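Lifted from Swiss-Prot, the feature list:
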type	residues	note
BINDING	10-18, 29-30, 57-61, 116-119	GTP binding site
CROSSLNK	LYS170	ubiquitin cross-link
LIPID	CYS181	S-palmitoyl cysteine
LIPID	CYS186	S-farnesyl cysteine
MOD_RES	SER89	phosphoserine
REGION	166-185	region 'Hypervariable region'
Amino acid sequence: MTEYKLVVVGAGGVGKSALTIQLIQNHFVDEYDPTIEDSYRKQVVIDGETCLLDILDTAGQEEYSAMRDQYMRTGEGFLCVFAINNSKSFADINLYREQIKRVKDSDDVPMVLVGNKCDLPTRTVDTKQAHELAKSYGIPFIETSAKTRQGVEDAFYTLVREIRQYRMKKLNSSDDGTQGCLGLSCAVM
């Protein structure tokens, strides 16, 4: 069974834990209890493949930012979550993305941009803005509601598909013999 290490990142209060718990337990948590770090595992079938999702739900609070490098190092794919009623959380996405790219030492990291709380009547982040940001990053954008479950599976499953594509790309690039050699000739001594 293939395992996928997913990491849910974003500012405090955007609904990272609510999204994760909705996926894992089919239940909406409406009280806010800031997360330090929680890990969940769930077996699912995505596109006919049985997968084990290893999901790390992270702290959004700034005081836990020192822990970020560690989980960013081990994660394979990232759900970058903002709340559609919180412009600051949307602006913060770029900070998370840049930190992920720095820690992974790569511009090509599987990610999905997630606009949560789409069940709310008022929004400060326009869908068009979010689509444009995702397009500029070259990643998918999905609106979700942890409360109604709208888009929850779609967000996590899309991330798994992004990781699959990334793995295939890495596999194909290593077939040309240049992997690890930076295109130079290698010799075993």
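Each residue, glycine too, has its Cβ placed from N, Cα and C.
CYS118 (GTP binding site) sits 35 Å from LYS170 (ubiquitin cross-link), taking the Cα positions as reference. A count of other CB atoms within 10 A of each Cβ picks out LYS16 as the most crowded of the recorded positions LYS16, LYS170.
Within the group of recorded positions (THR58, SER89), the Cβ with the highest number of other Cβ atoms inside 10 Å belongs to THR58. Cα of LYS16 (GTP binding site) to Cα of LYS170 (ubiquitin cross-link): a span of 29 Å. When the binding-site residues VAL29, CYS118 are compared by the number of other CB atoms within 10 angstroms of each CB, VAL29 has the fewest.
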